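Participant: Annotated NAD(+) binding site per TrEMBL: 75-88, 282-294, in sequence order. If you look up TrEMBL, you'll see R96, R106, R135, D224 marked as substrate binding site. Per TrEMBL, Mg(2+) binding site is recorded for D224, D248, D252. For 3-353, the entry in TrEMBL reads domain 'Isopropylmalate dehydrogenase-like'. Per TrEMBL, site 'Important for catalysis' is recorded for Y142, K192.
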Amino acid sequence: MKKIAVLAGDGIGPEVMAEAIKVLDVAQKRFGFALEYRQADVGGIAIDHHGEALPKSTLAACEAADAILFGSVGGPKWEGLPPAQQPERAALLPLRKHFDLFCNFRPARVFEPLAAACPLRADIVGRGFDILVVRELTSGIYFGQPKGREGSGADERAWDTKVYRRSEIERIAHMAFQAARRRRRKLTSVDKANVLTSMVFWREIVRDVARSYPDVELNHIYIDNATMQLVRDPHQFDVLLCGNMFGDIISDEAAMLTGSMGMLASASLNGGSFGLFEPAGGSAPDIAGKNVANPLAQILSAALMLRYSLGEEEAARAIEGAVEQVLANNIRTRDIAAAGHAPVSTQGMGDAVAVALES
Ligand code: NAD
Ligand code: IPM
Ligand code: MN
């Protein structure tokens, strides 16, 4: 029996999480494994119920678990709080740091039936794309010290520090090269080495690590060019290796190329089997509570959990196959619906994937 900490969080989090659990329940029956869910509050809802975004009881549930299935946190209700108490900074970032989840995989590919939902021209998306963004998740400008704010008037100032240690770059580079070996053996490292000292360092170390992977083709690209190339011709990329903030930005762009923010799953790993699995998108306050959110990113994140933390590769593939089948059958939530086709609800999409997985 594997234990899963289920942290649905805020906004659309609980809505899409219910559908992922529905699909996991079918997977358990079909593939003969057993999961024990332990639900816990995180984010804004935890502030409301317990006075803090990451209560000790929630952290304890995560520590006792084999994996964390995470929804999303944050929203307008908590934006007025001091920054350090807000859900994103007080729950999600500490969870990533606490469990040393330095390696974030964000796979973005165009599902053929969804090509029309991609905002790119048909001739560009027609070439297809299948990209893995590998994002460093526990260092860089998100966590570097010092951070601060002081002064007043025109001289008032605030600062963050972007710092990377050799060991931090080495370990994420190894994860990216190993992932490239399981794919098309092409790695593009994204940096800003023409301006930032930390990125000159990044490039040097990625080059050093590359010596252990002579079978993987390595290229370096500046972040500004990378964001442009991604819309000009995403087909050219296989694995994109990024620091924390560039990876955050470029993965939203990659998500939209798949058709919707609601399609992009992610796995945050510690280098071993423990991980946190969450959609790359957020709590989507604009559509929360309406039963219209796309649950596929959450469902596909659950599949990544089966693959990376629970060793259930066959079940993971079956869920991904069920998603493809549902899309091929023209079942769409509002965000990916084709003109003239009535969209299904969040629940309708979860039901469709569950049924496809049963058969
Ligand atoms: P967002 O990703 O929540 O929403 C951006 C856009 O994408 C919105 O139009 C939204 O409706 C759409 N979208 C996102 N997920 C969708 C889905 N599953 N189905 C259909 N449409 C979807 O980003 P935002 O608006 O910048 O942030 C909202 C809140 O979420 C903020 O508080 C932010 O900090 C937080 N956030 C949390 C996480 C997380 O918990 N991992 C990630 C990103 C943002
Ligand atoms: C993401 C989110 C988070 C990030 C926020 C909510 C802290 O945008 O997971 O992409 O910036 O990492
Ligand atoms: Mn983001």
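Here the Cβ of each residue, glycine as well, is placed from N, Cα and C on the backbone.
From a predicted model like this one, the values you see are computed outputs, not experimental measurements.
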Participant: Hey, of the binding-site residues listed (D224, D248, D252), which one tops the CB count within 10 A?
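Facilitator: Answer by Cβ density within 10 Å: D248.
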Participant: Pick the one among the binding-site residues G75, P83, P87 whose Cβ has the fewest other Cβ atoms within 10 Å in this structure.
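Facilitator: Counting other Cβ atoms within 10 Å of each of the binding-site residues G75, P83, P87, the minimum falls on P83.
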Participant: So if I take the binding-site residues (E79, D224, D248) and measure from each Cβ to the nearest atom of ligand 2, which come out below 6 Å?
Facilitator: D248
Participant: The record lists R96, R106, R135, D224 as binding substrate. What's the largest Cα to Cα distance among them, in Å, rounded to a whole number?
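Facilitator: Max Cα-Cα spread across the substrate binders: 27 Å.
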Participant: Near ligand 3, meaning Cβ under 6 Å from any of its atoms: which of the recorded positions P83, K192, D248 fit that description?
Facilitator: D248
Participant: Measuring CA to CA, name the entry from the recorded positions R96, Y142, D224 that ends up nearest V292 (NAD(+) binding site).
Facilitator: R96
Participant: Just give me the nearest neighbour of D248 (Mg(2+) binding site) among the recorded positions R135, K192, D224, Cα to Cα.
Facilitator: R135
Participant: Counting other Cβ atoms within 10 Å of each residue's Cβ, which of the binding-site residues R135, A284 comes out lowest?
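Facilitator: Comparing Cβ neighbour counts within 10 Å for the binding-site residues R135, A284 gives A284.
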Participant: Which one is it: of the recorded positions P83, P87, R106, R135, Y142, whose Cα lies the shortest distance from the Cα of D252 (Mg(2+) binding site)?
Facilitator: R106
Participant: Spatially, and counting Cα to Cα, which of the recorded positions is closest to A288 (NAD(+) binding site)? Options: R106, R135, Y142, D224.
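Facilitator: Its closest listed neighbour, by Cα, is R106.
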